[in-house]
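Trainee: Okay, these came from Swiss-Prot:
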{"type": "BINDING", "residues": "GLY87, GLN88, THR89, GLY90, SER91, GLY92, LYS93, THR94", "note": "ATP binding site"}
{"type": "COILED", "residues": "339-523", "note": "coiled coil"}
{"type": "DOMAIN", "residues": "4-327", "note": "domain 'Kinesin motor'"}
{"type": "SITE", "residues": "GLY444", "note": "site 'Required for autoinhibition'"}
Amino acid sequence: MAESVRVAVRCRPFNQREKDLNTTLCVGMTPNVGQVNLNAPDGAAKDFTFDGAYFMDSTGEQIYNDIVFPLVENVIEGYNGTVFAYGQTGSGKTFSMQGIETIPAQRGVIPRAFDHIFTATATTENVKFLVHCSYLEIYNEEVRDLLGADNKQKLEIKEQPDRGVYVAGLSMHVCHDVPACKELMTRGFNNRHVGATLMNKDSSRSHSIFTVYVEGMTETGSIRMGKLNLVDLAGSERQSKTGATGDRLKEATKINLSLSALGNVISALVDGKSKHIPYRDSKLTRLLQDSLGGNTKTIMIACVSPSSDNYDETLSTLRYANRAKNIKNKPTINEDPKDALLREYQEEIARLKSMVQPGAVGVGAPAQDAFSIEEERKKLREEFEEAMNDLRGEYEREQTSKAELQKDLESLRADYERANANLDNLNPEEAAKKIQQLQDQFIGGEEAGNTQLKQKRMKQLKEAETKTQKLAAALNVHKDDPLLQVYSTTQEKLDAVTSQLEKEVKKSKGYEREIEDLHGEFELDRLDYLDTIRKQDQQLKLLMQIMDKIQPIIKKDTNYSNVDRIKKEAVWNEDESRWILPEMSMSRTILPLANNGYMQEPARQENTLLRSNFDDKLRERLAKSDSENLANSYFKPVKQINVINKYKSDQKLSTSKSLFPSKTPTFDGLVNGVVYTDALYERAQSAKRPPRLASLNPK
């Protein structure tokens, strides 16, 4: 069933800068009907209606309970959910998402979501939960892991038909309680890019997405996985107001481009006529693809400034928010997903139990997943024999020395014997300890008997539902047709109809002003686009002129001497938004074959001058080829060691990609609670299992 994106608007108080400028109030709100009134400097008013309107005196607790609480409940049930704050720089987006921890009423959406999730898991009976989190930022159109070992490493966005869009190499950390989540949030927030501008001393210079995965397994073994995206967007900026220069200006340019792409996606989704939705125009829209028109319940918190100095920015924010509420999503429960981390734990526990108790299986695990030590040894032996035959075949095809072959076979045999020894070293006590370590990662049911917590949770849910119903009822009252009402006198009916007519006239004038404003905005956008095109044209001409100067001095023996050919061979990569150019190569001096013996004299040329020129050029090339050491290398047969080294490098590359992936979820990773996305998502696509018993290495 399709449902619309829910939109709430929050207005912050005046800041010190606005007070110093003596700006006036331009925003008014009617919270009981979700109405926002924006007063233009010329006195004209514009009205917008949303799912919630929160003025200066509103609290983070009020916003969460009214709007976000039902969404988080749905995430625990297995839905995908997204909450993102949208607005200009300094409008209170980060404050709405993070809040102030020391003031209970002003805690933000993210810490409240942590409390909510762990309270819900603790009071739910007969379900085991696994909660893990990830934290990334998009800085200058580069995706980075804020919780990774190297938070400056650029990550790649990938897409799979059944999985959707994900970030390869993103670390996911298992959390058992609220303090663990807060520690991750604080660590990632400290790694995030922030900077000072004239409008905000702690301005976010990147978009950030904190994702909480909630996986639940019932006693029957079925798994549901919900995902909550908590998005804090960087704000749109005007250089004239922020005073940005240098790196700050470059950051602002990237921020504005990504927010512009987000606005284009929203407009295309609402338009209904667009056949193409431009999700790939930026990294932000690519990652939010499922949240806008996909399988996700989405909430937008539009943050605005009350100051008349920011009227244009506030109007733009309200317009985009008004469009966003017309986006239709189709959320469904994620049942038994292939990439569930809980399934990895489930299979590992079942595997350990079957090692010490043949025939035993884990909770909810299918019986066919259990296997005995003998079966494991048999599979190890089959893998060893297959690898040995492949290795021998490769060496025979390359006709390399037996010594090298024997050396590599011994290394392979040593790996096989080591894996067998690990099986023998696994005793019941050690296996039981490992099983307990894995089971300790699960949470759920700790407060199953706490009636007070359960009642509080149900009360909050009912209050949120009641608030939504009251808002809908209030809006329906305002939509009633006065002609359908029953009046006691004709004068009363005349007054009602006159009042309705005045409202319609006012609304009509508002639409006329809206059309004029839109024409003005379109004209400004057109001028902005023309200016951008003009600058890009200047940049392109500069690069072309530099290329014309450089091309004559490029060596003729390189493939890049032919620019037209390079252009034809270049391929555009849509995912990375860049050109994939051919590798640079240089042609070596080529002599005739050494064993050709007698070479026929070339046909006589009528023009001896041409032949003389050719001979001169050949002598010149031979003179320049001394550095290539042709005399020592040309007639020398290819060494066998070169073939061996090439085979080893190829074998190492293929092995690292297939048999020994670098980020396969091992026992240590599962116990430490740090797993990488590509270890789950790419494994779900591949039929090949990770290295056998890699998690059973004795410590």
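Backbone N, Cα and C define each Cβ position, glycine as well.
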Trainee: Going by DSSP, is GLN88 (ATP binding site) sitting in a helix, a strand, or coil?
Mentor: strand
Trainee: For GLY444 (site 'Required for autoinhibition') and SER91 (ATP binding site), what Cα-Cα distance in Å is obtained after rounding to a whole number?
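Mentor: With the alpha carbons as reference points, the distance is 38 Å.
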Trainee: GLY87, GLY92: which of these binding-site residues has the highest Cβ count within 10 Å of its own Cβ?
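Mentor: Result of the Cβ crowding comparison: GLY87.
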Trainee: Per residue, counting other C-beta atoms within 10 angstroms of the C-beta, which of the recorded positions GLY90, GLY444 reaches the highest number?
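Mentor: By the 10 Å Cβ neighbour count, GLY90 comes out on top.
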Trainee: Can you give me the average pLDDT across the coiled coil (339-523), rounded to a whole number?
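Mentor: Computed over the coiled coil (339-523), the mean pLDDT is 70 on the 0 to 100 scale.
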Trainee: For LYS93 (ATP binding site), just count the other CB atoms lying within 10 A of its CB, please.
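Mentor: Here the count is 25.
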